[in-house]
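Trainee: From Swiss-Prot, for reference:
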type	residues	note
DOMAIN	136-341	domain 'ATP-grasp'
BINDING	169-224	ATP binding site
BINDING	Asp295, Glu308	Mg(2+) 1 binding site
BINDING	Glu308, Asn310	Mg(2+) 2 binding site
Amino acid sequence: MKIILLYGGRSEEHDVSVLSAYSVLNAIYYKYYQVQLVFISKDGQWVKGPLLSERPQNKEVLHLTWAQTPEETGEFSGKRISPSEIYEEEAIVFPVLHGPNGEDGTIQGFMETINMPYVGAGVLASANAMDKIMTKYLLQTVGIPQVPFVPVLRSDWKGNPKEVFEKCEGSLIYPVFVKPANMGSSVGISKVENREELQEALEEAFRYDARAIVEQGIEAREIEVAILGNEDVRTTLPGEVVKDVAFYDYDAKYINNTIEMQIPAHVPEEVAHQAQEYAKKAYIMLDGSGLSRCDFFLTSKNELFLNELNTMPGFTDFSMYPLLWENMGLKYSDLIEELIQLALNRFK
């Protein structure tokens, strides 16, 4: 069978996607599959690369360009294609895409339209989970605890910033965190200690999205639960992000690889169980399928607050999601195989 590995993308998380794709390429079972590379450039061009039957020798195979003339064709050149040309009979798409235009339902909807099976969550779950505001409103209805928050629209901010300040400061206490509603991997996130910083943080968040969310800052540990399955949902024991900074940013998480993890997290058994139950409930409520990672805050009083649910978590070989499953006895290559089978079962 052919796996179409779709990676790159137009979002700010383009580079994370390339790292994740390389990890998948090195772990997939080539005795069962061939892998067709399809790269989406930062400006949205789709480039069909080589068909691989074995592990690549280096990462350069992923950095595709397209030739304008036959003379320009090089070792890592690809063919520029229209998105619909991705369609193939008896193939499955593995979209290792993060952030907007990747895990927000857009690619998923396109795959549904051309009737191709794909790994991961469907349109509804992807769209809802990508939007931090929508996630919070939906999960409130099933009683999953979350920190207090204030949604802010860019139009309201431009029209009456004073009212936005008053709303935020009337509901929350500094420090707060400001985030774009539709972005991941700590992109566009700021910790804020006063009104002046709040103004700067909102301007930064609105660079990435027309909607932002302001959340109450709390002293807490960060623990994460990995989720796997369609109707039969499984969860891992929590892992913990161990850090010595105010919050870990995009570079720390992916580029510099400076995040320290504790797997499993050192938490009471009842806390671990509660985190697993909340993660499963959130996954089911959002109509999850395939995979997700659910992130929580854990206070010194062992109170859990759901932070977010990621339908396509970082998938590098040093990312939390695969490491959590490895701790449960499911190695990376077998995890990839299970995700492929879950996708095929969903499309039967």
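Keep in mind that glycine also has a Cβ here, set from the backbone N, Cα and C atoms.
Help me see these features in their spatial surroundings.
Mentor: Within 10 Å of the C-beta of Val176 (ATP binding site) we count 26 further C-beta atoms, all protein chains included.
DSSP assigns Asp295 (Mg(2+) 1 binding site) to a strand in the three-state reduction.
Glu308 (Mg(2+) 1 binding site) carries a strand DSSP state (E or B).
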Trainee: What residue among the binding-site residues Met183, Ile218 has the most other CB atoms lying within 10 A of its CB?
Mentor: Met183
Trainee: Over the domain 'ATP-grasp' (136-341), what is the model's mean pLDDT?
Mentor: 92
Trainee: Indicate whether Ile218 (ATP binding site) is helix, strand or coil by DSSP.
Mentor: coil
Trainee: Measuring Cα to Cα, tell me the gap between Asn310 (Mg(2+) 2 binding site) and Glu197 (ATP binding site) in whole angstrom.
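Mentor: Distance between the two Cα atoms comes out at 28 Å.
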Trainee: Please work out which residue of Glu197, Glu308 has the most C-beta neighbours within 10 angstroms of its C-beta, and give that one of the binding-site residues.
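Mentor: By the 10 Å Cβ neighbour count, Glu308 comes out on top.
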Trainee: Name, in the order they occur in the sequence, the residues of the same chain whose CB lies under 8 A from the CB of Asp295 (Mg(2+) 1 binding site) and which sit 6 or more residues away.
Mentor: Glu222, Ile223, Glu224, Leu306, Asn307, Glu308, Leu309, Asn310
